[in-house]
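These features come from Swiss-Prot:
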type: COMPBIAS; residues: 1546-1559; note: compositional bias 'Low complexity'
type: CARBOHYD; residues: ASN96; note: N-linked glycosylation site
type: CARBOHYD; residues: ASN170; note: N-linked glycosylation site
type: CARBOHYD; residues: ASN447; note: N-linked glycosylation site
type: CARBOHYD; residues: ASN793; note: N-linked glycosylation site
type: CARBOHYD; residues: ASN1010; note: N-linked glycosylation site
type: CARBOHYD; residues: ASN1303; note: N-linked glycosylation site
type: REGION; residues: 1533-1579; note: region 'Disordered'
type: REPEAT; residues: 57-68; note: repeat 'BNR 1'
type: REPEAT; residues: 101-112; note: repeat 'BNR 2'
type: REPEAT; residues: 179-190; note: repeat 'BNR 3'
type: REPEAT; residues: 415-426; note: repeat 'BNR 4'
type: REPEAT; residues: 487-498; note: repeat 'BNR 5'
type: REPEAT; residues: 533-544; note: repeat 'BNR 6'
type: REPEAT; residues: 764-775; note: repeat 'BNR 7'
type: REPEAT; residues: 861-872; note: repeat 'BNR 8'
type: REPEAT; residues: 1143-1154; note: repeat 'BNR 9'
type: REPEAT; residues: 1184-1195; note: repeat 'BNR 10'
type: SIGNAL; residues: 1-21; note: signal peptide
type: TOPO_DOM; residues: 22-1397; note: topological domain 'Lumenal'
type: TOPO_DOM; residues: 1415-1579; note: topological domain 'Cytoplasmic'
type: TRANSMEM; residues: 1398-1414; note: transmembrane segment
Amino acid sequence: MILLHFVYSLWALLLIPLTNAEEFTPKVTKTIAQDSFDILSFDDSNTLIRKQDTSVTISFDDGETWEKVEGIEGEITWIYIDPFNRHDRAVATAMNGSYLYITNDQGKSWERITLPDSGESISPRECYIETHPLNKNYFLAKCNYCEKTEVNNDNEENSGDEEGQFEIFNITRCTDKVFASNDGGKSFSEIKSSLERNENSPISISDCGFAKTSKDSDLESSDTSIICLFQNMQLIMDEFSSPYTESKLVLTTDWGKSLKEFDQFKDKVVNGYRILKSHMVVLTQGDRYNDMSSMDVWVSNDLSNFKMAYMPTQLRHSMQGEIYEDAMGRIILPMSRERSDQEEDKGIVSEILISDSQGLKFSPIPWTANEVFGYINFYQPTYLKGTMIASLYPLSRRRNRKGKAKGVKSKGVTKISVDNGLTWTMLKVVDPDNADSFDCDITDFENCSLQNMFYTREGSTPTAGILMTTGIVGDGSVFDWGDQRTFISRDGGLTWKLAFDFPCLYAVGDYGNVIVAIPYNADEDDDPQSEFYYSLDQGKTWTEYQLETTIYPNEVMNTTPDGSGAKFILNGFTLAHMDGTTNFIYAIDFSTAFNDKTCEENDFEDWNLAEGKCVNGVKYKIRRRKQDAQCLVKKVFEDLQLFETACDKCTEADYECAFEFVRDATGKCVPDYNLIVLSDVCDKTKKKTVPVKPLQLVKGDKCKKPMTVKSVDISCEGVPKKGTNDKEIVVTENKFDFKIQFYQYFDTVTDESLLMINSRGEAYISHDGGQTIKRFDSNGETIIEVVFNPYYNSSAYLFGSKGSIFSTHDRGYSFMTAKLPEARQLGMPLDFNAKAQDTFIYYGGKNCESILSPECHAVAYLTNDGGETFTEMLDNAIHCEFAGSLFKYPSNEDMVMCQVKEKSSQTRSLVSSTDFFQDDKNTVFENIIGYLSTGGYIIVAVPHENNELRAYVTIDGTEFAEAKFPYDEDVGKQEAFTILESEKGSIFLHLATNLVPGRDFGNLLKSNSNGTSFVTLEHAVNRNTFGYVDFEKIQGLEGIILTNIVSNSDKVAENKEDKQLKTKITFNEGSDWNFLKPPKRDSEGKKFSCSSKSLDECSLHLHGYTERKDIRDTYSSGSALGMMFGVGNVGPNLLPYKECSTFFTTDGGETWAEVKKTPHQWEYGDHGGILVLVPENSETDSISYSTDFGKTWKDYKFCADKVLVKDITTVPRDSALRFLLFGEAADIGGSSFRTYTIDFRNIFERQCDFDITGKESADYKYSPLGSKSNCLFGHQTEFLRKTDENCFIGNIPLSEFSRNIKNCSCTRQDFECDYNFYKANDGTCKLVKGLSPANAADVCKKEPDLIEYFESSGYRKIPLSTCEGGLKLDAPSSPHACPGKEKEFKEKYSVSAGPFAFIFISILLIIFFAAWFVYDRGIRRNGGFARFGEIRLGDDGLIENNNTDRVVNNIVKSGFYVFSNIGSLLQHTKTNIAHAISKIRGRFGNRTGPSYSSLIHDQFLDEADDLLAGHDEDANDLSSFMDQGSNFEIEEDDVPTLEEEHTSYTDQPTTTDVPDTLPEGNEENIDRPDSTAPSNENQ
């Protein structure tokens, strides 16, 4: 019994601590305050401070009691603890910013620091202090001043003359000022910006910082070294709305008295910098005129020498403030995603790049590199060496809308690494007690693990491996806020257990032995009051503490930042009143837990980081309290101690790949050709190979015995040497086991995003021009179609094989997934509203068990919310257009037009509606072949009798007019026509005249401004069976068109010969045509074999549109003005493609040069500043490039093995310096598809200096396009062009900058023939035989406000021409009154009789008085008229009494001589004519009638009257077209010579460009009903 009693007593004694623990209740003290947030702790103290409304309050007892700080005046906007003096210093900033308060004794006393007068007219908006890690007296005060101002946009010098000028924003004017102090704020001196600021720079930034940012800084710098970045920004308004930036990065060591600029960045735009422990990182903007351009990263460890780091992708939106350095000296570089229009997506981290230990080679987290694009959470606790936790979530999942996400399985994933990222594992849930509460098998770690979502630094308080987080257990496919729970880990994050079924805020104390958690939602426990939970056994058990109020928790924190204390602050708020919040601040004290017991030695255990493995050459361990120990550590204000033991042997984990090597799929370091090019290993040898060690010891690794690393021989063949431009070219290669079937760029300047589809129907996205390519997760659906929105450049739609539609409005960064209507996909393209991004029409098949089912028919479905919901709009519709959004002046903005084909009918009708066919439905045409829209017109093809077509045109959707084609002798039935382009108020159309397959050709036509009246520009223009035409309008230049004609069209039509093609060019939009002038010598300096001076026999011919593999590969580029490439030959006709060479022009086609002997593919970059050629249809390992506009060419080897390049491409604007090659190479076991991204950014020394007002500068000059200053469209134009080949242009719309030197006199080239007139071989416009001019009075019907009209002269002025004076070939006839407007017409031209009669009578009276005076004084008193015959010169018989008499007599004598000479001349002429007639009759006998010689241009004006006599109806009376007061002489430059130009005056017409609205081609074809042409023609 005694023994039993003893055991019972002992058990009772052991139970006492546990009972005390269970019964323990923390001390909770409540404080109520108004608008109080951000409670701050002084390190190693019991003092807290917080801002309450606009004042500062302080607590000296861990938050139990608070008092207002006395001595602080004014309104306080911000308080913060000095990061380098956390124990005792804090700063409070005032609202007006001209002063602040500082404490150096934990808030007991505050000193007011007054900042110096900045010289600005206003007080600073805000100021804050930056301190020094080593010297408490060193301050940098940074202040921001803003005031609203109006920026003057006017530029009198340039106004009206130069086009494309930028407009400066009116914006708030802001300036940064930096003041430095070395005496604790007693005095300051300003560090003034070294940039001059002008009135157009509304933003001036000064960002300065001490070069030492930590007490253990490794940077080689003095304590007084200060780095400053000065920037001036000018916001420019163009279509990109992008700021222009100039910058200077400087160093000062004397507090701003002298500034030393970093030479390496003098010609660069520094976007930002970051000073780390052992590195300084500088980010430079690739393009100063595009703040969204890619950036380069420069790294230095001595503030003197900077090296450019290698980036695996484009860095565009770095989060500079988040760049930091880990314990191994590696730079962690977060990249934010593009600036989305979606507010919730802004500022989200999208990718984490980690450098090697040298800071020079960056790479992404390995398991995220090839996954779908998403956003990343990244956390690296400094007290857990080598530990990283990262979460990746695809943005496609984030953008799913409610009710539409059921079928979406886009998976996110969270992983952890405990060895510095060498290996990664899932966050394992090891919790058998709660296994049944999860929806998946937690023992299957790969498919059931903890997924973390939020970008927060969980567990930032140091603990011995005890972490908490919120998340969801699953495979990552479902993640919703309501599903989150709270989890805890005791092994540094490797395994986790469930803590709560709801998400919580949490904090830890006593090194993790005390944990406090509070639910975000007070209703989690089914009562309205809030509560918090606490654990005293490292999360094993939890106790609830009930609060009496419902609060929204804002923060919970340990009062000791090092996590050593056991006191906490909980700050929550309620929305008690409209003006602000009521805060409830709870001080929670656990210091007396376990009866105030302090842990002893046997209460502790060792916990090993990374499961005891070596990390950084060291094994780490922490002494921590055992989980069930009934005590607290109570080492308040002592930092958590980490014990380390160096590892004896180094392993591969202690090494990283050398710069020239990358890890392959197996983790082995293998040579990378592109990195070898960037390094200098081959610069030091002349041998073909060089030995290099593939591994290097990680900087800072502490393992004792290094490994033996064997060198690998690297090939140096083809590697450029240092000092050459080729050394700076960066190539990135990607290999695939599939072929890319489709690709297309998004046409924006934000980045170089493109979408690709492979042969398996998988979609891939790249945002850096193909450098990195990531697969799009389509949830297992094959992508069967891709549609880009032609009106919104960031939008595209992907169709899945299972009925899903994936839409993106941010160039593929995020996708919204929706289900298409329950209808069969017919493969018809979407039709978009030009003015509403989310509105489009989808076509699906209804009742289509089979596509051949009798009841299967098409239905047009309408969506107004981007595909979230669809409604049936119209049955049997196969093509609709939002007509109201297309017209400039629509009759109704909501009008929709649809082509309808009833199942029971073989015809198609055109219907319209203004309410999406709910109640309004109007039949426009009952029977059509098809219709299309282009350039503000809608053109409808209507069948006519005898299998002909007729075209009708509308410009408002209501009024349709028949398109009148010219009557011509060689035009038969109108069986097929192709709409080529509509621009500048005219439609270009190809009317087929021969439709025999393989022998197709036709006439090129051009319309008037409303598209209803066409004239022939050129005959026998080549087309193919698909309706495509050899026609291309040169981009960026007015009126230049290239076309191929069938020179032997008559014999081709008779089936006697195959086509023989010739290339023609026009410089005035088809009015006149010439053959291309051939170069005199080829690319080898040899003369061409054909040497005829006649261009008809020897000219340059180019392969055209009908032969292209990719119709996007045009001759020209809209940004490279005047430049064109083409594959062709010099000779009488065009030769087969393989026999041709590559030619180039820089003056819009006036002169050409051969650049390559074989066919090459080409691409333009940097607005023509970089040109690239690659062989076509032959394997190669090199490209040719030019940086001097094609004058010289260099070859560059871009890969080690030869590949067959399928295509070369770049961004649609041709403004980038990066090109993408698609190639195919033979590999063992088959072929592999490859892409090569070739980056030329670094070959240029600098960016060209551009004046945003368009003025000339050292790098840009205005010059004419060609070799002569010819007039084109009635004016002489000069274009702004780069003059220095060593600089690059960048994001400047250079093609928009031009200026008109003068308007020229009108010449024949400024006119074209009017309707029913044709251009004869002599260049004149003649009326078609048997026809009359068009009824000129029709214009009155179209324009009811007109009161008069004019008859046609046969000519009309080309719409683009601005000529003045000169020829008036389109001079109107006398005006005629419009029908019904006779009264107004008379009022306009009638003249009042009163004033006219007065003037007339006055003139008559003056004449009569003068005549009577002369007669009376000079004739009558001198003898009258009888004496006329007696007057002789010098006769002194006349009466002359005064000067008046002498003047009158002289007048009389002069009159006498004039009249007598006229009489004599008439008599003499009569006699000579009689003699001449007699001689002619005798010599020529019976020959009668005039004889005319052939007219050439030099004779045009001189012989016009003779030539055109008797042909007034042909509009050839030039005398009425000339300005009576003008000089009619035509200069030599204005009139071509017969030898050069006469061949252009044929009876053949011209061709036109491809409409921009078509996704694949720029041509639309409308054919006859019985045509055999393929389906891309409207039949």
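Each residue, glycine too, has its Cβ placed from N, Cα and C.
Here the structure is a predicted model, which means the values were calculated and not measured.
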Distal contacts, the repeat 'BNR 10' (1184-1195) - CB-CB under 8 A, six or more residues away:
725-726, 1123, 1144, 1146, 1153, 1155-1156, 1160, 1168-1174, 1240, 1243-1244, 1285
Counting by DSSP, what is the helix, strand and coil composition of the repeat 'BNR 9' (1143-1154)?
0 helix, 5 strand, 7 coil
Using DSSP and collapsing to three states, where does ASN96 (N-linked glycosylation site) fall: helix, strand or coil?
coil
If we skip the immediate neighbours and take only residues 6+ beyond the ends of the repeat 'BNR 2' (101-112), which ones have a Cβ under 8 Å from one of its Cβ atoms?
42, 45, 47, 49, 56, 58, 69, 71-73, 76, 85, 87-92, 94, 129, 136, 185
With a Cβ cut-off under 8 Å, give me the same-chain residues at least six positions beyond the ends of the repeat 'BNR 7' (764-775) that come close to it.
294, 312-314, 338, 369-373, 732, 734, 751-758, 811-813, 1210-1211, 1216, 1218-1220, 1235, 1237, 1239
Between ASN96 (N-linked glycosylation site) and ASN793 (N-linked glycosylation site), find the distance joining the two CA atoms and give it rounded to the nearest Å.
44
If we skip the immediate neighbours and take only residues 6+ beyond the ends of the repeat 'BNR 6' (533-544), which ones have a Cβ under 8 Å from one of its Cβ atoms?
21-22, 24, 26, 466, 468, 488, 490, 497, 499-500, 504, 512-518, 525, 588, 590, 593-594, 625, 627-628
Cβ-Cβ under 8 Å from ASN793 (N-linked glycosylation site), same chain, 6 or more residues apart: which ones?
PHE746, ASP747, THR748
Give the distance between the Cα atoms of ASN1303 (N-linked glycosylation site) and ASN447 (N-linked glycosylation site), rounded to the nearest whole Å.
74
Across the repeat 'BNR 1' (57-68), what are the DSSP residue counts per state (helix, strand, coil)?
0 helix, 5 strand, 7 coil
Positions on the same chain near the repeat 'BNR 3' (179-190), where near means CB under 8 A and six or more residues out:
102, 111, 113, 115-116, 118, 129, 135-141, 143, 208, 224, 226, 255-257
Just to be sure I understand the packing, how many Cβ atoms besides its own are within 10 Å of the Cβ of ASN447 (N-linked glycosylation site)?
14
For the repeat 'BNR 8' (861-872), the number of residues DSSP places in helix, strand and coil:
0 helix, 5 strand, 7 coil
Mean per-residue pLDDT computed across the repeat 'BNR 2' (101-112):
94
ASN96 (N-linked glycosylation site), number of other Cβ atoms within 10 Å:
15
Provide the three-state secondary structure of ASN1303 (N-linked glycosylation site) computed with DSSP.
strand
